[in-house]
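Look at TrEMBL and you will find 34-54, 74-97, 109-129, 135-154, 166-185, 205-229, 249-271, 291-315, 349-369, 381-407, 419-442 tagged as transmembrane segment.
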């Protein structure tokens with residue numbers, strides 16, 4: 001029923017010398033660092049659930065609505081983590097190439113302010129589009145992405161072709177873009193934003209509902225199974241060692257279980273009573289005596305983050321550009337001698353980072369239904385922390401998109417938990433800083449071992 005993991009007798013002998021856990025990890029080829037991150041995330045969730053329950057004097061296993069592990073809190077957690085997760089996927093490429101981008105938070109703030117200004121003032125008053133016109137949100141998004149691309153291109157050009165260190169260029173960008181964001185509206189907040197644009201921020205209307213959520217989940221599970229089958233066929237084709245059938249089944253079952261579990265949690269979070277009542281009145285629906293349950297389902301910003309993660313994973317793992325990025329990060333001199341245009345690749349990486357900052361700006365401003373001067377403040381630290389915690393080495397040459405997104409979820413879990421526990425903002429910043437330092441220290445220890 002199973003295929004051996006290797007056709008070489010020596011490999012089989014070494015496998016038998018491993019512990020049961022070691023044999024399991026070898027057979028399934030699970031990344032131990034990713035497994036450790038998942039364990040840390042679950043430990044944080046359980047710890048916050050216990051602490052929040054004890055503070056309220058309730059049983060942690062009752063899952064009181066005021067504690068951490070509730071459908072409402074986890075749904076909000078996923079929405080709040082989306083913007084950082086989107087930018088973290090690009091920060092992986094930046095750090096892999098031995099660079100850094102300290103300007104992403106300020107760029108996010110500037111782009112969000114420009115998109116807000118475009119919706120409320122420029123497109124309506126200067127161009128003459130009526131409020132509610134379906135082109136408003138699309139044009140505002142195009143303007144934001146174009147601005148992000150230009151910001152990334154400018155910084156990338158200075159870094160790659162003028163040979164100014166990325167730390168200095170992006171540190172300057174941190175100050176310049178934050179000042180420019182204030183200058184656009186003289187410090188005024190722009191609100192409200194276009195109704196369609198707001199859907200990118202989540203909320204009852206910014207989610208796809210229960211039915212479509214289950215459809216998306218089932219399609220995702222089917223994709224997981226097809227990818228496992230295709231991977232197995234590719235291994236056979238090139239005569240690579242095969243995973244045992246039980247390992248393939250285990251990976252598929254666990255992955256689909258996680259996907260469907262996340263869908264179930266999203267569908268367990270109902271619309272607020274007031275919104276349900278207004279929705280029922282507007283659509284002529286009679287609300288039963290026990291109330292009407294309408295599930296949120298998957299939030300649109302979460303879908304955007306997942307889509308970005310899939311695209312960025314494909315770019316890093318399946319394209320020549322992605323291989324060049326890792327080659328440059330591993331050994332810049334050798335990559336240059338091999339004929340790789342390291343300057344152009346560097347510039348493109350920062351352009352991608354700018355586009356991702358624009359997408360994050362759209363998600364963040366849509367969630368707040370406003371463009372504020374504080375948008376994106378300190379997000380650069382959260383993005384860098386997410387990438388590093390996710391396994392991206394500051395020495396360059398290694399990192400994963402999935403790890404960075406998981407790191408973003410971990411960082412947001414800490415912040416959300418501290419807010420739930422009424423911990424002051426200064427102490428929250430202290431915890432985030434300590435977590436970043438510890439993550440880099442653990443990364444250093446790990447690389448010394450391997």
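Cβ coordinates come from backbone N, Cα and C, glycine included.
Heads up, TrEMBL stuff is auto-annotated, nobody curated it.
For the transmembrane segment (166-185), the most Cβ-contacting stretch among 74-97, 109-129, 135-154, 249-271 is 109-129 (pairs under 8 Å). Counting Cβ pairs under 8 Å to the transmembrane segment (109-129), the stretch among 74-97, 135-154, 291-315, 349-369, 381-407 with the most such contacts is 135-154. Most Cβ pairs within less than 8 Å of the transmembrane segment (291-315), among stretches 34-54, 205-229, 249-271, 349-369, 419-442, belong to 205-229. Tertiary neighbourhood of the transmembrane segment (381-407): same-chain residues 31, 33-34, 37-38, 41, 84-85, 87-89, 91-92, 95-98, 100, 102, 104-105, 305, 309, 312-313, 316, 326, 329-331, 432, 435-436, 439-440, 443, 447, selected by CB-CB distance under 8 Å and a gap of 6+ residues from either end. Most Cβ pairs under 8 Å with the transmembrane segment (419-442) belong to 34-54, among the candidate stretches 34-54, 74-97, 135-154. Against the transmembrane segment (74-97), stretch 349-369 shows more Cβ pairs under 8 Å than any other of 135-154, 249-271, 349-369.
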